[in-house]
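For reference, TrEMBL has these:
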TRANSMEM  6-30  transmembrane segment
TRANSMEM  42-64  transmembrane segment
TRANSMEM  70-90  transmembrane segment
TRANSMEM  125-143  transmembrane segment
TRANSMEM  149-170  transmembrane segment
TRANSMEM  182-200  transmembrane segment
């Protein structure tokens, strides 16, 4: 593909992997879903999180993040609304921290909720915009652009679905249950802190 090398893809995958594993709301949320709901319920949620995150890559590839630069008020509004949504998610998690652990496979958060969580946070869009400009300067052409998006989607799917599978193991859920109220409240506090930071950065 014109203008795209394997070295660029390797750097992109490495950078994206490190960013995904940083303590963002998506990682906290999928870990909590796997612990508390089990694999059957966590997988659709993880799929939604991955597609929601990769949608920001598509937005950056299409150049739509330029709108945020051209209209700063739009980005400010997005920050406030996204932060408010994260605070709402955190409050629900806190309120249900003392609830009994559901049976594995119990119905809980679904695909749409996962997408909504990552779409509510514009930070991945700004991250993708800066990374794409640094690693793939002058990227053009349908196949080159599509390949970058598919790589991003694959990495997001690998991490989110992988976490859902590993952390929903019966033995891990059993250990989680012993400290469920404390773990849930810690996860809630972290998501709330990220929501507040998102609002303050507007």
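Just so you know, glycine gets a Cβ as well, placed from its N, Cα and C.
Just so you know, TrEMBL annotations are computer predictions that nobody has curated.
Taking every recorded stretch in 42-64, 70-90, 182-200 and counting its Cβ pairs under 8 Å to the transmembrane segment (125-143), the highest total belongs to 42-64. For the transmembrane segment (182-200), the most Cβ-contacting stretch among 6-30, 42-64, 70-90, 149-170 is 70-90 (pairs under 8 Å). Annotation: stretch 42-64 has the most Cβ pairs under 8 Å to the transmembrane segment (149-170), among 6-30, 42-64, 70-90. Residues 42, 45-46, 49, 52-53, 86, 89, 109, 114, 117-118, 121, 123, 127, 131, 135-136, 148, 151-152, 155-156, 159-160, 163-164, 167, 187, 190-191, 194-195 of the same chain sit 6 or more residues outside the transmembrane segment (6-30) yet have a Cβ under 8 Å from a Cβ within it.
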